[in-house]
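Data first, discussion second: the structure below is written as structure tokens.
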Amino acid sequence: MEKKLRLHVVQALKLLVLLFTIHCLFLFPVTLSEIFFEERFQDGWKDRWVLSDWKRSEGKAGTFKYTAGKWPGDPDDKGIQTYNDAKHYAISAKISPEFSNKNRTLVVQYSIKIEQDIECGGGYIKLLSGYVNQKKFGGDTPYSFMFGPDICGTQTKKLHVIMSYQGQNYPIKKDLQCETDKLTHFYTFILRPDASYSVLVDNRERESGTMYTDWDILPPPKIKDTKAKRPADWDDREYIEDPNDVKPKGYDSIPREIPDPKAKEPDNWDEEDDGIWRAPKIPNPAYKGPWKRKKIKNPNYKGKWKTPWVDNPEFEDDPDLYVLKPIKYVGIEVWQVKAGSIFDNILICDDPQYAREIVEDVFQNREIEKDAFEEAEKMRRAREEEEAQRAREEGEKRRKERGYKKPRRRVEYFFISSHENVVDTFNLASVDW
């Protein structure tokens, strides 16, 4: 009997725990994040990525090198690096199963380290929809989304955010700048179901807004009313003259100048010869110019009139504006004058917090990477100075071998002959100056 009682108590407790768990799930719903694609370029990455043959028959296709780079924060954390100068690069990986961002947040993130003096070239990634022949993936392959840096000379340092809508590509209207140093940087794009977005660089928000205003995809919801006119009684004078202000008596008789009270008649002044002495004039400190009423706040001030905004009759909302075509591939397709960019840590998910944690994890070695870069730069400068010194010494050696002698300046002295009053010259060509 006692054993049965204990058994019933245990079962009752289990039931209570189960009911409590179900109750908590209803009170505090848990949203599980989903990772659609994640690539850290570890073992087996070649099985997931397909190098395109685009431009290869023309000798214009580049290859990728598997490396951690010249100054890694972690030598074991490797990515794929563009390897050949002045080449086109195209490589892609399939996302299985394909996914849609409808009714969910889309997070696209990756890291890139532009180790080289790139001169001109891209460093962006693309999301592709539908069927793609990965061996033919290239610059003419349609894409649904493009994101990342594009650098050319000192003028172009753009961060692309291009959305595809109904078969047409739309670049973001804002001028976003990318990073241009030679360290690892993370680029993150977050797109939400309300069509709002955020662009982060190294976990710091660089830009935010909405697709409705920052891309010219749809006509604007509101436009200025071109037929509106400022009302005739609209008073936009912030200040007006005080109608109760009265001009002081005698104000107009105040002279602009007055005799200088400190001036004195000179002792040698002779009225018969010089006339009546008068003190010179000086500005009158009491003179204030033409009288004007003082200004006061206008009680009828309505502010500066602005053309009102009205609903745009051409605007037709699309609640799925933020929805991309189902994403099936992620690709890198760039052209670079100087190669050397390392792509890594590609992530496509629906959880901004998980993306943030990835950046924090990689950046644990951030200072190590900075120190390694500074040491590499120090060695590079020393090497360049050593090469320059060798070149100077070699040049001096060749000059000596050719019997080169330092030229002497011709110096001429001029003097005036004391007898003939003419200018003569002589030179001291034997003197070095």
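Our numbering is plain: 1 for the first residue shown, then up by one each step along the chain.
Just so you know, glycine gets a Cβ as well, placed from its N, Cα and C.
Between Cys120 and the candidates Cys152, Cys178, TrEMBL records the disulphide bond with Cys152. Among Glu316, Glu333, Glu357, Glu360, the residue that TrEMBL places alongside Tyr124, Lys126, Tyr143, Asp150 at the alpha-D-glucoside binding site is Glu333. Counting every protein chain shown, the Cβ of Tyr143 (alpha-D-glucoside binding site) has 23 other Cβ atoms within 10 Å. Calculated from their C-alpha atoms, the gap between Asp150 (alpha-D-glucoside binding site) and Cys120 (disulfide bond) amounts to 8 Å. Rounded to a whole value, the Cα-Cα separation of Cys152 (disulfide bond) and Tyr143 (alpha-D-glucoside binding site) is 23 Å. Here alpha-D-glucoside is bound by Tyr124, Lys126, Tyr143, Asp150, Glu333 per the record. The longest Cα to Cα distance in that group is 17 Å.
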